[in-house]
Amino acid sequence: MAEEQAYHVNKGLECIKALRARPLDPLVVEEALAAWVETSEGQTLDRMSSDEAEADHQDISKPCFPAAGPGKSSMSRCHDQGLGGSNSCDEELGAFIGDSSMHSTEVQHYHVYDHSGEKVEGVEDADSILVQSGADDGVEVWGGDEESENSDVDSGEPDPEGSAPADWGSSPISPATRASDVETVEGDEIQKLLEDQSRIRKMTKAGKTLVVPPIPSQERPTASEKPIKKGTDVKSTSSGTMAESSSTGGATRPALKSQWGPSGPNASAENALASASNVSPTQGSKTESGTTTSRISQSNIEPEDDYDDELFSDIQDIKTALAKLHDDQQIIITRLESLVSLKGEIDSIKKQISKQNISISTIEGHLSSVMIAIPGFGKDPNDPTADVDINPDLRPIIGRDSGRALAEVLKKPASERQSKDTGKLGIESKGLLKKEFQLKPIEKKSSSAIRFVPDGSVASRSVIRSIIKSSHLGEDRKDYLMSLLNDIQGSKDLAQFHQMLVKILKN
């Protein structure tokens, strides 16, 4: 309901802005009004006759709402009274249109939409809205005579906000109570309307739904409203509100006497309090702590306080649960990251194992083709261990027959050889190797792994330069020795320089 009311308010404001931006000619307004009066005369004649009889009984005339004030035009809302009543309305409207120097007006047909969203077509079915395009405070809007039949508001249903339904035909209607009329509604009034609607929804919803409390308003005291429905012996149903008083003390305010008579049976007013111009403040009941409070105000405030406390506690519980979920999520993410790192380490270990398996297979393949070297050859003849006999039964490491390698290098196989002395177990094998397999003795006059013998080659000079650079001598002496090495010519001089260098390094 609140959304529909806000929709109508927005539509009304758009209509007012359009009328202010593009005012019509007064002649066009007069012609449109005359056409509207002629169209609505025949349809409202029967209903207005019954309204006149009821108005005579109540001693009231057709309702007209004057709007007089500074900066406003005096305009009346007159329902069609037949052939005689329409002339008075035409005269007043003609006088209002004649004053074109002060105000400019226009008539616009406001399209009415029912609750299903369907548009009501036709001039007769629409609300004829007369809008004054003057100042903002002086804008008054009213509808035509056919609005009670084609309006989108059902007068038989009670208003959820608690306001009485309007009888568009015979009873005086306030423009503020019509949902289809266009009004200038301020932002504060819209906010109050939304607050009342949300408060009613909060009272009717189940307790499981989390409802945010409305914004507190200091202008209007909060009170629990209860709709009242009872018969009034007429076609419509009276709808009102019953609210508990939030006042803690004082007197009943005097109310102005209404100028309109009752439209139905009289109601008893025996319990109404008389007005008072002056009253002394009342004291509430004192509590044990010494503070003065009111039982009524406490009964009104305590439900709201309890609701606020419950809402606050629920919000705190939700925040705590969300924080715990966040902490658990962080722990899970940390463990997942550790699992990812472990997976990488496992993959690297598997790769290393596969590499080691390949290396072991390669080594096994190499060992299958390697034989043990026979010791005793390639030695210096002057070495005392040079005459040691070689074991002829030496076997290879892997996959070789007994004596296979030795039989290939010996002049005679070991099985065919016989020992000279039958009493000796050893088999003499010296000089039995083939000549091509025997190692040559080391020459003392040439360079080998055991000594360096310089000659006139470039390699010998490079070796001597390396010896000088790697020595512990000073830089000056190194430079001096390098210069001497460059000046030496011949192998003999180079050998003498090498001997001198060895002596210098030993000292």
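All residue numbers here begin at 1 and follow the chain in the order shown.
Even glycines carry a Cβ here, placed using N, Cα and C.
Per Swiss-Prot, the range carrying the annotation region 'Interaction with the nucleocapsid (N-RNA)' out of 18-66, 459-507 is 459-507.
Mean per-residue pLDDT, taken over the region 'Multimerization' (304-376), amounts to 84.
According to DSSP, the region 'Multimerization' (304-376) comprises 64 helix, 0 strand, 9 coil.
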